[in-house]
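Trainee: First the structure, then my questions, so here it is.
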Amino acid sequence: MVKMLVLYYSAYGHMEQMAKAAAEGAREGGAEVTLKRVPELVPEEVAKASHYKIDQEAPIATPGELADYDAIIIGTATRYGMMASQMKNFLDQTGGLWAKGALINKVGSVMVSTATQYGGAELALISTQWQMQHHGMIIVPLSYAYREQMGNDVVRGGAPYGMTTTADGDGSRQPSAQELDGARFQGRRVAEITAKLHG
């Protein structure tokens, strides 16, 4: 059975919801899934004053454990068109894994949330994939296999590179049913492709 980690950073709970949906989809695809988050770097008083969602139930991951999984889906909030510093800080601690080639041929996939529809989602998806490529991971994107990302009738999440959601600048918009469905699709797709590669 494929062992998968869904690893996320979420300040306001949007990516937490997307990560849970991706984990559901991966389980539907036959994977054994672990859901974890990266540590918060913002001081607690600042996080509280900014109304961060600090009661997230997912346990904190450690960089060394990434080698224990066949596939890793990273979900991250974005800052100015890049992954949030919390996720970057975590990934910057994986140099030891890189030196040993511990993640070579593992499967990787990415999801992001942005404040606006054009808030750098595709750049953040691709630049996060770069981190995985430096580790020799095999990237499995959302792709246009997920057709529900098409259309302009409503705000839709998704890009060929990975699933996206839009939170609005004040965080008031929650992931839509379509975006959660896309996260489930991506999780299931990654599980099924990983099973073919590592089964």
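Cβ coordinates are placed from backbone N, Cα and C, and glycine is handled just like the others.
Not measured: the values here are computed from a predicted model.
What Swiss-Prot records for this protein is below:
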DOMAIN    4-190  domain 'Flavodoxin-like'
BINDING   10-15, 78-80, 113-119, HIS134  FMN binding site
BINDING   TYR12  NAD(+) binding site
BINDING   TRP98  substrate binding site
REGION    161-181  region 'Disordered'
COMPBIAS  163-177  compositional bias 'Polar residues'
Trainee: So what sits near THR78 (FMN binding site) in its own chain, CB-to-CB under 8 Å and at least six residues off in sequence?
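Mentor: Residues satisfying the criterion: ALA84, VAL112, SER113, THR114, ALA115, GLY119, GLY120, ALA121, ALA124.
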Trainee: I'd like to know which of these binding-site residues, SER10, SER113, THR116, is least surrounded, judged by other CB atoms within 10 A.
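Mentor: Lowest Cβ count within 10 Å among the binding-site residues (SER10, SER113, THR116) is THR116.
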Trainee: According to DSSP, which kind of secondary structure is THR78 (FMN binding site) found in, if we only use helix, strand and coil?
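Mentor: Where THR78 (FMN binding site) sits, the three-state DSSP reduction gives strand.
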Trainee: Tell me the Cβ contacts of GLY13 (FMN binding site) under 8 Å, same chain only and six or more apart in sequence, or just say none.
Mentor: LYS53, GLN56
Trainee: Using a Cβ-Cβ cut-off under 8 angstroms and a sequence gap of six or more, which residues of the chain neighbour the residue listed as 'NAD(+) binding site'?
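Mentor: Expected: HIS51, TYR52, LYS53, ALA77, ALA167, GLY171.
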Trainee: Please average pLDDT over the domain 'Flavodoxin-like' (4-190) for the predicted structure.
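Mentor: A mean pLDDT of 95 is what the model gives the domain 'Flavodoxin-like' (4-190).
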Trainee: Between THR116 (FMN binding site) and the residue listed as 'substrate binding site', how far is it from one CA atom to the other, in Å?
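Mentor: The residue listed as 'substrate binding site' has its Cα 34 Å from the Cα of THR116 (FMN binding site).
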Trainee: What's the most sparsely packed of the binding-site residues TRP98, GLY119, counting other C-beta atoms within 10 A?
Mentor: TRP98
Trainee: Give me the CA-CA distance between SER10 (FMN binding site) and TRP98 (substrate binding site), in Å, as a whole number.
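Mentor: A Cα-Cα distance of 25 Å.
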